[in-house]
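Working notes, beginning with the structure itself.
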């Protein structure tokens, strides 16, 4: 037989010899086959998914960068790129997202008979309710935009009228999608759905950036107007009013009211983008049913001190806001007293917040309960957003510290500004630790959870691994319940199955009426009060900058140290992140309150 025939024949002649393979060579060949099969599975499974993630992520990032480039050109106020160009681009993105959401809902309606996996940690009813409220305020803002366009329709682009209509439609459809589909774990058309979800994520991010830019420009113009009134020159104030007369008497009311609604619209879009990003991470994910459980309604007994202190902080915040806004544009002395009042109020508030967060951490340290390390994209994103949004406030605080220590002037609020900035850094350190440790702590043994899927078999279940085996009719439990239960356990352990006997009546807590009597847990009540107090304090610290109380624009220390352009750039970067941090902390602290 020729060598060629030996090479191509189906039977290897050399293998006919029984000594042709040693035991070590056969084991190594089997090991190589295992490695090859693992590599083949990884290439056919993980890499296409990773490619889809990378491709869709790059697509979304470039969509955002296109919008950012248009916004930077508009900020220059040049003749080539105008606001209607950006609004046209954003309107097209919203229309594409509407088409994708309609397609997704229709596909899910056709798959009614197939069970869709849900991630119960993706969102909660109270988060969706809060987003619905923010969406309603955004719809009011769209109505004001439409009224503004009607008054100036003779001299403005039609895009200014089309944009609020599409935005209102987009808001209504998106809220419906959030209520009924945000928990879905997508397992079909995964690559296409990744592009659809990431398109929705970055569309909302771009709408957030557009709102932030408009609000920042409004506050910057107000700041320039104040400086001009104090005698500073060479400041260009941009007038955005159209070059024609309004045909109605409500145009000025619409334009001034828009800026009071911008904070709610901004928070709506950034929260929606975060929720959609969790949905994007869940595409193709295998849900761990043991950790995919939703909690029962939390108890509110023992809540006294936290809500009282929180309401007191909220009421004082509203008073500080009114006094600051009314006095900051008056004489220099009144302006300095208003800024000093703000810093003193902030120092008191931050001292109480640091004390509350430290007390909560000490209680956690005394319990010695391990952390939960199971995979949870929603919780991981909460942690990353808390840290990432803290950076803006930390940058602003350290700039204020450098300015307070290095300035030559000495206004009455110089050292209170220094102490306030140091406490801002410390408070975020402590609050982030408290929130993250609360979210990552394992549930205690006494806590009950409501699984998304029933853990026990249903009455008519015929699953062999859950139902005990039987041969004929056996009624061991009637004769000797304890011995019969042990016998059934032994029988199933031999067959590789597990069967757990019901507890004795003495082991089951006896209900009184319809409720189970539980001893009050002092530590848990303290933690609930701490969570409620911190939640309301974060609402207070969100209200102040959101509605115009921004002493960083008015104190002059940082502007003297860094210059007008650099300091306004820092503020335009830091203040939106700080606003998002406070609102995100509110959501996280409410989740902490429910988990405790």
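We number each residue from 1, going along the chain as drawn.
Using the three backbone atoms N, Cα and C, a Cβ is placed for every residue, glycine included.
Outside the transmembrane segment (59-79) by six or more residues, the chain places 85-86, 89-90, 93, 195, 198-199, 201-203, 205-206, 209-210, 213, 217, 238 with a CB less than 8 A from a CB of the stretch. Annotation source TrEMBL lists transmembrane segment at 59-79 (among others).
For 85-106 (among others), the entry in TrEMBL reads transmembrane segment.
Per TrEMBL, transmembrane segment is recorded for 126-148 (among others).
Taking Cβ pairs closer than 8 Å, the transmembrane segment (160-180) reaches residues 83-84, 87, 90-91, 94-95, 97-98, 101-102, 104-105, 123, 128, 131-132, 135, 138-139, 142-143, 145-146, 148-150, 152-153, 200, 207, 268, 272, 275 in its own chain, all 6 or more past its ends. Residues annotated as transmembrane segment in TrEMBL: 160-180 (among others).
Under the heading transmembrane segment, TrEMBL lists 192-213 (among others). Here the transmembrane segment (192-213) has long-range neighbours at 52-53, 55-57, 59-61, 63-64, 67-68, 71, 74-75, 86, 90, 93-94, 96-97, 100-101, 103-104, 167, 174, 186, 262, 265-266, 269-270, 272-273, 276-277, 279-280, 283, 572, 576, meaning same-chain residues at least 6 beyond its ends whose C-beta is under 8 angstroms from one of its own.
Sequence annotations record features per position, and here TrEMBL assigns transmembrane segment to 266-283 (among others).
The annotation transmembrane segment is assigned in TrEMBL to 303-326 (among others). Tertiary neighbourhood of the transmembrane segment (303-326): same-chain residues 338-339, 341-342, 345, 349, 352, 525, 528-533, 535-537, 539-541, 543-544, 547-549, 551, selected by CB-CB distance under 8 Å and a gap of 6+ residues from either end.
Counting same-chain residues at least six beyond the ends of the transmembrane segment (338-364), those with a Cβ under 8 angstroms from any Cβ of the stretch are 309, 313, 316-317, 320, 323-324, 327-328, 411-413, 416-417, 419-420, 423-424, 426-427, 430-431, 433-434, 437-438, 441, 523, 526-527, 530-531, 533-534, 537, 540-541, 544, 549, 551, 554-555. Per TrEMBL, the feature transmembrane segment maps to 338-364 (among others).
According to TrEMBL, the feature transmembrane segment maps to 385-406 (among others).
The transmembrane segment annotation in TrEMBL covers 418-440 (among others).
Long-range neighbours of the transmembrane segment (526-544) within the same chain, counting only residues 6 or more positions beyond its ends whose Cβ lies under 8 Å from a Cβ of the stretch, are 300, 302-307, 309-311, 313-314, 316-318, 320-321, 324, 342, 349, 352-353, 356-357, 359-360, 363, 431, 434, 438, 579, 582-583, 585-586, 589-590, 592-593, 596. The annotation transmembrane segment is assigned in TrEMBL to 526-544 (among others).
Marked as transmembrane segment by TrEMBL: 564-581 (among others).
For the transmembrane segment (385-406), the neighbouring stretch richest in Cβ pairs under 8 Å, chosen from 85-106, 126-148, 266-283, 418-440, is 418-440.
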